[in-house]
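Notes follow once the structure below has been shown.
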Amino acid sequence: MTKQKVAILGPGSWGTALSQVLNDNGHDVRLWGNISDQIEEINTKHTNRHYFKDIVLDKNITATLDLGQALSDVDAVLFVVPTKVTRLVARQVAAILDHKVVVMHASKGLEPETHERLSTILEEEIPAHFRSEVVVVSGPSHAEETIVRDITLITAASKDIEAAKYVQSLFSNHYFRLYTNTDVIGVETAGALKNIIAVGAGALHGLGYGDNAKAAVITRGLAEITRLGVKLGADPLTYSGLSGVGDLIVTGTSVHSRNWRAGAALGRGEKLEDIERNMGMVIEGIATTKVAYEIAQDLGVYMPITTAIYKSIYEGADIKESILGMMSNEFRSENEWH
C-alpha cells in the first residue's frame, strides 16, 4: 500500500497505540485531541505518559488541537473517542470535511440516549458523499501490549468488503494483523457488550471466587451477548471470532482491562464514583450495562448477567447477592439463541 494520510481522533491509550502501528507501516499519522498539555507533550517530548509511562513515540507522530489541521487532505479518519462524544465529534468532522475519506472507528460502546451503535451514528452525522461505508476496527487488543509491538489480531468490519480490505491493508504488519468481516452488527455488539461481562468477571475476582466461576460468567456471558446480537440481526458465528470470544477472553481475564479492574473494585466493595476517579479513564462497560439492559427489556431478551450487574450498579443491589441469585434461575438448555 502507498503512503496514506490518517487522522486519529482521540489520543488516548488505544488511539496512541494505533498511531504507532500506522507509523510503523510508513503512513502519515496525525493525532487530534482537546487537552493542550497532552498535545504539547506528544509533540515536544514524544510521550503520552498518562497512558504509557515508559514509551517514547516516533517523532513523526504529531498531534494537534486543530481539527481542521488534522483532517486536511487525509485519506482516512479513525474515531477513537469515548462513546458519549462520538456524535458531537462526528458533527464537527462533517462540518470541516471537503473531500471523501475512509471513515473508521475503534471505540466500543452504545450511545446511551438512542441505544445506537457507533457506525450508525457516523452514518447519520457524516454525509455519504464525504465517506466510505464505515469500517469497525475491533477485537482482543490491550493497548499496553500493542504499543510494545506484541502480536495482536483483530477484525475490520464493514458493509463494504472493499472498505474493510483497505483498512486491513492499512494496519496489517508483522505484529498486527486484521481479518475482514461484513457483519457490522455482530462485531459492534460484541465489542460493546463484552465490557459488561468483563465487569462481572472482575467482580467475581474481587469477591474471591475462583476460575470455575470466572469461566462460567465469561461463557454464559457470551451466550447472552449472542442472544441479543442475533435479535438485532447479527450472525451468531461472529461471536466465535476475534471480535467475539477473542475480545471477551482478553477483556474478561486481564488486569489490563479497565472494565475488569472496575468490576474487581466493585466486588471488593468500593464505590463506583471512587473507582472512576481513581482510574482516570472511561469505563465503557458501566454506561453500556444500562443501555444493554434497556434494550434487552424492550426486546424481551434473557440477559441474567447483564441484569445482575445493572441492579448492582444502578439500583444499589448487593453485587454478591445479585450474582448468587443467578444460581437459582430457572433451568435452561445451553444452546438457546432467543
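Including glycine, each Cβ sits where the backbone N, Cα and C put it.
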In Swiss-Prot, the NADPH site includes S13, W14, K108, R258, V282, E284. Which of A70, A143, A216, A223 does it also list there?
A143
Of the residues D98, D247, only one is listed by Swiss-Prot in the sn-glycerol 3-phosphate site with K108, G139, S141, K194, S257, R258, N259. Which is it?
D247
Counting every protein chain shown, other Cβ atoms within 10 Å of the Cβ of R258 (NADPH binding site) number 23
Please identify which of K108, K194 has the densest Cβ environment, defined as other Cβ atoms within 10 Å, among these recorded positions.
K194
Three-state secondary structure of S13 (NADPH binding site) from DSSP?
helix
Given the recorded NADPH site (S13, W14, K108, A143, R258, V282, E284), which additional residues of the same chain have their Cβ within 8 Å of the Cβ centre, ordered by sequence?
G12, S107, M281
